[in-house]
Amino acid sequence: MDRDSLPRVPDTHGDVVDEKLFSDLYIRTSWVDAQVALDQIDKGKARGSRTAIYLRSVFQSHLETLGSSVQKHAGKVLFVAILVLSTFCVGLKSAQIHSKVHQLWIQEGGRLEAELAYTQKTIGEDESATHQLLIQTTHDPNASVLHPQALLAHLEVLVKATAVKVHLYDTEWGLRDMCNMPSTPSFEGIYYIEQILRHLIPCSIITPLDCFWEGSQLLGPESAVVIPGLNQRLLWTTLNPASVMQYMKQKMSEEKISFDFETVEQYMKRAAIGSGYMEKPCLNPLNPNCPDTAPNKNSTQPPDVGAILSGGCYGYAAKHMHWPEELIVGGAKRNRSGHLRKAQALQSVVQLMTEKEMYDQWQDNYKVHHLGWTQEKAAEVLNAWQRNFSREVEQLLRKQSRIATNYDIYVFSSAALDDILAKFSHPSALSIVIGVAVTVLYAFCTLLRWRDPVRGQSSVGVAGVLLMCFSTAAGLGLSALLGIVFNAASTQVVPFLALGLGVDHIFMLTAAYAESNRREQTKLILKKVGPSILFSACSTAGSFFAAAFIPVPALKVFCLQAAIVMCSNLAAALLVFPAMISLDLRRRTAGRADIFCCCFPVWKEQPKVAPPVLPLNNNNGRGARHPKSCNNNRVPLPAQNPLLEQRADIPGSSHSLASFSLATFAFQHYTPFLMRSWVKFLTVMGFLAALISSLYASTRLQDGLDIIDLVPKDSNEHKFLDAQTRLFGFYSMYAVTQGNFEYPTQQQLLRDYHDSFVRVPHVIKNDNGGLPDFWLLLFSEWLGNLQKIFDEEYRDGRLTKECWFPNASSDAILAYKLIVQTGHVDNPVDKELVLTNRLVNSDGIINQRAFYNYLSAWATNDVFAYGASQGKLYPEPRQYFHQPNEYDLKIPKSLPLVYAQMPFYLHGLTDTSQIKTLIGHIRDLSVKYEGFGLPNYPSGIPFIFWEQYMTLRSSLAMILACVLLAALVLVSLLLLSVWAAVLVILSVLASLAQIFGAMTLLGIKLSAIPAVILILSVGMMLCFNVLISLGFMTSVGNRQRRVQLSMQMSLGPLVHGMLTSGVAVFMLSTSPFEFVIRHFCWLLLVVLCVGACNSLLVFPILLSMVGPEAELVPLEHPDRISTPSPLPVRSSKRSGKSYVVQGSRSSRGSCQKSHHHHHKDLNDPSLTTITEEPQSWKSSNSSIQMPNDWTYQPREQRPASYAAPPPAYHKAAAQQHHQHQGPPTTPPPPFPTAYPPELQSIVVQPEVTVETTHSDSNTTKVTATANIKVELAMPGRAVRSYNFTS
């Protein structure tokens, strides 16, 4: 028999380790063929779990059938696979990519999704405001921006940027077309007064410049307003609203033009619109345009910017436009009196409409009648203007070197953020090509065989890597066809991660393929490693599916796509790659080299010449034909010396580098080193110390994923978010109240709910330490003023119970109309209420019966306060324009409210722990008042993006518990041992604890992304440990021997898989996204490192100490099974031929027919050493001859060469004679041996009787006796000769 045909442990290099002389059938029986192990138990030659081995045999039979079918139809399988994979790849053309933050990182499910759905359903949009922000910082972190030059530079940038235009749909759009500005009252009669107000009321811009006269330069208007009779072009830089109003009132009175100036005066009075910017200090007192009324006009001293900015700034309407200091100044330091002494940044906010507000604003305007105006077009106009704003700032900084030299100016808008996310969300073709090229090169180099090109695997290995790339692309295409939307997480991570994990399957298959060239190779490969690959892919895909329960859309999509790709890779590894192996077998059989097999001639290996070992009466020729003649002539052939052949391949020879293999290293060096007592002690102590330290460090693990990590690094938006988070930590939020609540009767509960936010940390207070007024307080205040005016004029006799007189004021008449409202639709007015009814009581509680009638009047006649309240009342109150000369007393009643909000400003939120504490505090308030009967919820960026952390740890713990429970069941099914599964799960738990500790040391905070990686790490750790456990369970011997055999089998695939996965993960460092680098790249590398240490170092030692019992325990030999029975022979009466079951056909042809013994399979029991007699045989004689010079040596005293696997039994030949002869004498062993004498020479004489009955009742009886002698030549392979007698 050819020595290369002996089944061996797979070697990743394809090297045949000569020291490995036991076949896998004897020492890994259930791994190679569970049916043989089952037969051993049935015959009482071994004990073990019969159920477990039976189930394993069922698995193996199915995989063997699959392998046979694939090998038989290899070309067809490849053709169909290419068609299917190509079809799925076409699906990539339909892939959609989501890049907007709110589409990707907002938690799905739970209360947050219900709250957002309620907001969307009620008011038709999720966002409450759109902002264009600008931050200015200094280059020098120690410098301050609290000086006039910094504010003037800030002004120059803002003036240029806010003046940009955008041309869309044949229309020009500017800031005034889309900015958020206060509403103006409507008038009847003289329309131009209303037009003047609309042109003068500017956009709302939150800026520190509002503390100075220069802030007026931002307000415009673009073209000066001309008032008839007033020889002045009105601009906010020269406008004194109070004096202009007095002039107009006087002028129109002189001209006897009737106009309700009282309404305008009340409008200005309630908003505290006075002198505008005329009395504010100038940044440059020497500027000739600085008004004479400025307090520092012509002053030679620069203004004290810090003192002026302390406490915040006020806009032109002081009552409703107070910009908190924390919003406009960042990185502030104060003196003892609390005044600003130093600041690092200035911030301005241009407030824009939302897309729905802009759509509603222009829906009925002539400007868009020809456009087919839609909300989508409104959004496009808004986004285009924001892009132009950012572009204008960039161009200005390039032109104005003075500003760029001293300051950093960052612009941020939601449109710019969406653009840059969309730009970088597409996969990088260069990174993918580099990753594939490196993996292909690694596979080529590790699978290349320099000394034996025929048995090399580099070509099929490279084909396997390319197949994994193909199947990965097909899996992503299938995801696109299924409607799964891509995002930055999936496009940047999935291709590399899938390639790294998929190549692991290729190395496992090539490791098994490294065995000898055999006809049924494919089915045997799948029979051995198929269960491991199936388990590995299932555990990884299962981990991804489990991680999909993390309620973050971006990660949910990532997990689903990764799971689909893993299933695609599994199908390619079990169906397509074996077909490639089947085709490569033909190359091996043809004797062609691995590389350029079509270019080089057939490779002919030079035979090794060695001194012959000629046992007495034995003829042997390795791989030679043995002519069989009737006269029993024998031709002696020279034999090879296996001992010399063995020495030619030992390390240290001239070819030691080329012949190095991880399997040999694991068996001869690595595992024996691990099994030393002091190594075990140090490893276990180090492992326990690392575990304890990790558990302690994990208690300090913080939650958090900053928004800055979601933005590509080195972008302007990334720099803005870094400065904003570090210097401001400013956010806006809203407390939303819902429907199913009686607002008129529960006003005090609403007030208490609002007042409760005073005690919430990080909420900005007003100058008095309280909170800004919300809509109900402004509503009540307006009614209170009307009630006060009515009471005064009623006492003066300007109004009576039945009517009012011409000298009554407009507000008193409006109050009269409000007082007589009953609140009933069928009887809306009752004048009797004038004497008894009050608009508000002494506590500020609004009249409950007419609450919604009053609301209609307030929303229309106090529009500045209504808009400034940011209440977003829905349904929107009905309109009622009050006219003093209108005698209809009926006021329309608004619909009951189902949505209202209270605005709050938050500051100092620089990390997730602070935001999480704030969310918890506000959520507690929400739950508390929910119990009081007020349906409510908070809204805003902190709740949208950080809500996931409130339940993240409990959700992660629950998912991990379910995954570990499922893993316990799955591992138990694969290993068929509960104790082995428990050890694997314990190892995984320890690895998780170490990963938590490593996250703390690396500063990686716990968020949804690390949660997904932690769940995935369970599947990866299972793959590492289960492969070692499987080898341990299926090996024969004591624990240390089984660990040695297990590491010999698994070290190569594990190391190669980890290295290729590491290369693929390392390629993630090229991503422009910080979250990909920190949370995917770094954390996956940590998982691989922890997995490598625990699985390759700690777990083998754990198995050697408390590992489970082997599946099969031989009863006759400690380190191998008993020799299996030969295959029964089936005879055919009709054809006169005999068949060997599961073997090759034999014929009773002529004596001259030659036989090729080297094609026999050692795994076939019929070719093994015969040590038993089946029931159909009759044993007539057997004897055992022992050499006299043998002495027993204990295992401890045997030579060091026993560290290698013990030599295998070899077949000796026997001769067949026509007459019985005595057994031949046994030659002396060629060298001393340490093995028992019964292994040296075995002689068996079975007697076979065959009876044949013919139709003529004649019976022919033939009795044949064969003397079969088996000799074992140590330590090399036996020299064989066959002697037949009959």
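Here the Cβ of each residue, glycine as well, is placed from N, Cα and C on the backbone.
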Subject >> Candidate annotated in Swiss-Prot as N-linked glycosylation site, out of ASN298, ASN1181 >> reply: ASN298
Original post:
Both VAL462 and THR1034 on the same side of the membrane in Swiss-Prot, yes or no?
Top reply: yes
**OP:** Quickly, which of ASN807, ASN1258 does Swiss-Prot have down as N-linked glycosylation site? Just give the residue.
**Re:** ASN807
**OP:** Could you tell me the mean pLDDT over the topological domain 'Cytoplasmic' (449-465), as a whole number?
**Re:** 83
Original post:
Given the glycosylation sites ASN142, ASN298, ASN335, ASN388, and counting only Cβ atoms in the protein chains shown, which has the most within 10 Å of its Cβ?
Top reply: ASN388
Original post:
Do the transmembrane segment (466-486) and the transmembrane segment (563-583) come together with 3 or more C-beta pairs under 8 Å, pairs six or more apart in sequence?
Top reply: yes
Subject >> Integer Å distance between the CA atoms belonging to ASN335 (N-linked glycosylation site) and ASN142 (N-linked glycosylation site) >> reply: 17
Subject >> Paired segments the transmembrane segment (493-511) and the transmembrane segment (77-92) in contact, 3+ CB pairs under 8 A >> reply: no
**OP:** Let me know how many other Cβ atoms fall within 10 Å of the Cβ of ASN807 (N-linked glycosylation site).
**Re:** 11
Original post:
What is the nearest of the glycosylation sites ASN298, ASN335, ASN388 to ASN807 (N-linked glycosylation site), using the Cα of each?
Top reply: ASN298
**OP:** With pairs restricted to those 6 or more apart in sequence, evaluate whether the transmembrane segment (533-553) and the transmembrane segment (563-583) have 3+ C-beta pairs under 8 Å.
**Re:** yes
**OP:** Residue list, the transmembrane segment (678-699) vs rest of chain: Cβ under 8 Å, 6 or more residues beyond ends.
**Re:** 990, 993-1001, 1094, 1097-1098, 1101, 1104-1105
Subject >> Most Cβ pairs under 8 Å with the transmembrane segment (77-92), selected from 428-448, 563-583, 1083-1103 >> reply: 563-583
Subject >> Conformational class of ASN388 (N-linked glycosylation site) under the three-state DSSP mapping >> reply: helix
